[in-house]
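Following: one structure in structure tokens, then a few remarks.
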Amino acid sequence: MNTGDARNPKLGVQAATKIYHTASGDLLALDRCSLDVSANEIVSIVGPSGCGKTTLLWSMSGLHSLTSGEIRLDGKTITGPHPDIGIVFQEANLLPWRNLDANIRFPFEIKGEKPDRAWIAHLLNRVGLDGFGGKFPRELSGGMQQRAAIVRALALKPSVLLMDEPFGALDSFTREEMNRLVEEIWLDTKTTIVFITHSIEEAIFLSDRVVVLSARPGRVAKEYRVPFARPRSLEIMATKEVFDLTNRIKMDIVGERTRPKAPERPSAEIVRIRP
Amino acid sequence: MSGGDAIPEFSKSKTGDGHEVSLTNLSAFASGPGIKSGKEVAAILAVAVIIIGGIELALRLFHVPLYIMPPPSSIAYALFDEFPLIAPHLGYTLVELVSGFTIGAIIGLVLAAVITQFPFAEKIVAPYILLLVTTPMLALVPLLILRFGFGYTPRIIAVALAAGPMVMINAATGFRRVDSAKIALARSYGASTLQIFWKIRAPMALPMILVGLMIGAIFGLLTAVGAEMVGGGFGLGNRLTTYSSMIQMPQFFAVVLILSTLGILIYVLFFLIGKKWASWEA
């Protein structure tokens, strides 16, 4: 189904299973979830609230270990954070005590490397943040903060960019602007992007492929290709194909949520594992 | 293998993003609108003159005896006249305060940083820390004097004992403010535990650390003066007991005035440090 080499995906998730041990019992967040992402592909992951999207992304980034299954980057299993994988977090996640320049320098400080100034200047210019380097996060709008976070993630030139509901807190106009920006950056860098979102429209506009996760425990329920050439214009959002696709995905997600509950499970929210 | 991970959590209220505490919340300066014009300055000065002049006038009008309440003018004169005699004692008190506070603050900060890394150990130690915070260290001064004599030593120990726990309990609150998303950010770049401490935990704790240092310094001042009143022939506290026993009330109030000024200076010092280094949270 992939356009790329399906047997050698850029990023492969194989039978990923994740159990959280919480105070109220074990929580199965991901259940044998498998997903391949080809090089230069943009894949969005959507699904009902609490279905394990963020868990899946954190696992892909190596921030979380898996209970079973594995994540492969270029065919090699990853066990921890990898320099080739950049992450854009929810709500920008800038460090409030650092100005913009210092925030973007942060990854380099951690790694003990010299920042690539020309590349950072290029990125800042790309996202329209020229001359804002001395500003602190609280002085910037939500959209600007998230742009800075994108620059920070791309500064190390990762080959895979994981984005965890990056624009969820933004208003819809800013969000559309940011979506166009992500596409522009993709056209510029051809970075493989995995994008988690609540917004089906955003997923369709951005992605080559939309993956629908089932309700918890998360598994891949459906996959849809989005067959529009890039750069895309917002006009495609008004076409019948997009309208139909949106509705089908919506039904997938809503159907998941209203699926009849099995009577022997008192709590449908939490699936408990017997020890 | 996966047991240690926490569920990714982003809701603002739980990440401890820091909006709940702030140094400037404690500040009378910040809550005011700030002085804008010469007119406002004039008004503030005028009110001060009226209040101080009013007190002066009332005390003189009703012939209040000097040993009950000296008028502001005689306090001012005593301050001016006796200052050469008081100044060395101010120096002794400052030596006790600065050395005791430095020792106490360093120990408090290190303990807070270490103990918050081990939540279980923290639970065991917490009641004792609370005991140290709530016990007035002044109560130990007679004991310390018995053991160490009338010199600097018992006073410096008392100041350190008063300031240390205050610094520690506030700094620990700061170090406990874990923001999992920011730590994840650092970890995603391969940060070591030490790097996470210095680049994420310490700056996040800084506003609370400053609050702790300020409260610790003020408690240190109280304890230093108290210890000087208990025993030993030097320090501002000793001046207070000396002047009051000789019923030299203008001189007595001059010392009180110096002590209040010291307290205000401590407050302003930490307020300015906070404004410079922790204003991101305001």
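Glycine is no exception: its Cβ is also placed from the backbone N, Cα and C atoms.
Curation does not apply to TrEMBL; its annotations are automatic.
Residues annotated as transmembrane segment in TrEMBL: B:41-62 (among others).
The domain 'ABC transmembrane type-1' annotation in TrEMBL covers B:90-274.
Annotation comment: TrEMBL describes B:97-116 (among others) as transmembrane segment.
Counting same-chain residues at least six beyond the ends of the transmembrane segment (B:128-150), those with a Cβ under 8 angstroms from any Cβ of the stretch are 157-158, 161-162, 164-166, 168-169, 172, 222-223, 226-227, 230-233. Positions annotated as transmembrane segment by TrEMBL: B:128-150 (among others).
If you look up TrEMBL, you'll see B:156-175 (among others) marked as transmembrane segment.
Counting same-chain residues at least six beyond the ends of the transmembrane segment (B:205-231), those with a Cβ under 8 angstroms from any Cβ of the stretch are 18, 21-23, 26, 92-93, 96-97, 100-101, 104-105, 108-109, 137-138, 141-142, 144-145, 150, 154-155, 158-164, 166-171, 173-175, 177, 237-238, 240-241, 259, 262-263, 266-267, 270-271, 273-274, 277-278, 281. According to TrEMBL, the transmembrane segment annotation covers B:205-231 (among others).
Residues 23-24, 27, 29, 70, 75, 78-79, 82-83, 86, 90, 93, 210, 213-214, 217-218, 221, 225, 236, 239-240, 243-244 of the same chain, all 6+ positions outside the transmembrane segment (B:251-273), place their C-beta atoms under 8 angstroms from a C-beta of that stretch. The transmembrane segment annotation in TrEMBL covers B:251-273 (among others).
Same-chain residues lying 6 or more positions outside the transmembrane segment (B:41-62) and placing a CB less than 8 Å from one of its CB atoms are 35, 69-73.
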